[in-house]
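**Student:** The following block contains the structure, expressed as structure tokens.
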């Protein structure tokens, strides 16, 4: 009986402590208890009021369809009335057509006013190429190589939207007019994901015997896009030479190789996010060279992670392996490194890729994640991933950037859907406040640190993938909000323009190519339930630039035995069903069928996040 008395005593002690903790905020309002954030967020309220600045469906020109079609319940709180319930099919069809119209307007404007230059200036209706007058203008020159970038980047979007005639015309234009024999110094990462990836995606679409998107074949096609992809990749290979670590130089001149004054510092994402495109190219050609150099770079970066935390920094010296930037986060400089660890496994089936990803994901959860353990239950702050010092795990700053909005989509791919729901809700709350995502948002000041928005796709991407995972109409509402904001704030005379300031809604004269390759594509697919990509029975994966590649056996088979010299025994194929989420508290099975037409995040937690970003 002694242990029972002891247990009863402990329970009474715990109850007393909980009562005391409940009284402390009133006694010492400046004290922050049981919080991993450096400042307190509002606790989730028991009752809800209206969502404040969040625009309701009645404020849009599609609102009448929502009211007629039963888009929200008659009872419940404001969040439930706005977001839950079935989404009218006629509204969905109109939104699909609006997303297609957005792409068509941007694409046609580029072809009319900018082609064959790289990008469209939508305010002045003219083309833009590399800045020859100012080689140090890396914001432009890293991306624009004088090779009709926007046309190439948009190829598979044309196919996904079923426009076979324009796809065939665009492919022929690329074959006939584009050359990579240019005196252009470009970033290896940007050329790989935007150009190389699109050429490979279009080649796969053209040569697919099933032709799920309609007849996308090209008469007398002789693998020209594949040959162009190889030509470009060969011109990028000098970046991997004369580097003591195997980590590539960040930039290369397409004619002359690495510039004499080439920078020895590169970011983790830029050097470590080449494996998908280079690996596909190697396996299509039967030439291990490209995958070999890309995989060597990944393993070199991986070997430099902290012994203490297991984290990587964001900027490294390619000669010494010294971390110049010690920030570890999920945004710019790091984001797609983690993405491609997982996607390389999905595509190629190499066990080491999955092992690296699982280890990285575990360390991210241990050191970057703040807030309560579970997304949809418990007390405390909503989950958020912050920037920390790679060696200590200590907070480095109080901002996050818009690129991090990709991470919920990555979490969907590993089955960590519950955590993805919470993080996505945070970024959506910021979007509701500004009608866009600022490039950097300071969560402590509840204000943008860097206020521009260059039409990035990451929030739309995660919205699309969460909808595919949950089929919850909430994400159709999110997509509708994003589509409306883009039309309202970014549409210009000839296309869609970067927002210079998300608060003031001033515009910059630039439409980056990823707007057509990703933003419009994900919006269109969100509303196009019957798209062949969803219905054909084929399995597809999106690259980090949103290009589609088929997931099939030919990419899981290589013609060579070793991936890296001396490591034959470590390379092992594993089956897709061996993919496991390492966050023990979350998996796909935690989203039951009965929640399909309810809010994915409980309304009190959704209101807490809206308060967290200053929306209400």
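Any Cβ shown, glycine's included, is placed from N, Cα and C.
Model, not experiment: these values are computed from the prediction.
Pulled these features from TrEMBL for this protein:
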- 190: active site, proton donor (ACT_SITE)
- 335: active site (ACT_SITE)
- 439: active site, proton donor (ACT_SITE)
- 458: active site (ACT_SITE)
- 544: Ca(2+) binding site (BINDING)
**Student:** What same-chain residues, at least 6 away in sequence, bring their CB to under 8 Å of the CB of residue 335 (active site)?
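**Tutor:** Residue 335 (active site) has long-range Cβ partners 269, 403, 404, 406, 407.
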**Student:** Please give me the CB contact count at 10 A for residue 439 (active site, proton donor), counting all chains in the structure.
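**Tutor:** Total other Cβ atoms inside 10 Å, all chains included: 21.
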**Student:** Taking the Cβ of residue 190 (active site, proton donor) as the reference point, list residues of the same chain whose Cβ is under 8 angstroms away and which are at least six residues distant in sequence.
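**Tutor:** Same-chain residues close to residue 190 (active site, proton donor) (Cβ under 8 Å, separated by 6 or more) are 142, 143.
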**Student:** How many Å separate the Cα atoms of residue 458 (active site) and residue 439 (active site, proton donor)?
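**Tutor:** The Cα atom of residue 458 (active site) is 11 Å away from the Cα atom of residue 439 (active site, proton donor).
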**Student:** Taking the Cβ of the residue listed as 'Ca(2+) binding site' as reference, which residues of that chain separated by at least 6 in sequence fall under 8 Å from it?
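**Tutor:** In sequence order, the residues whose Cβ lies under 8 Å from that of the residue listed as 'Ca(2+) binding site' (at least 6 apart) are 193, 273, 276, 336, 339, 340, 343, 406.
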**Student:** Just to be sure I understand the packing, how many Cβ atoms besides its own are within 10 Å of the Cβ of residue 458 (active site)?
**Tutor:** 25
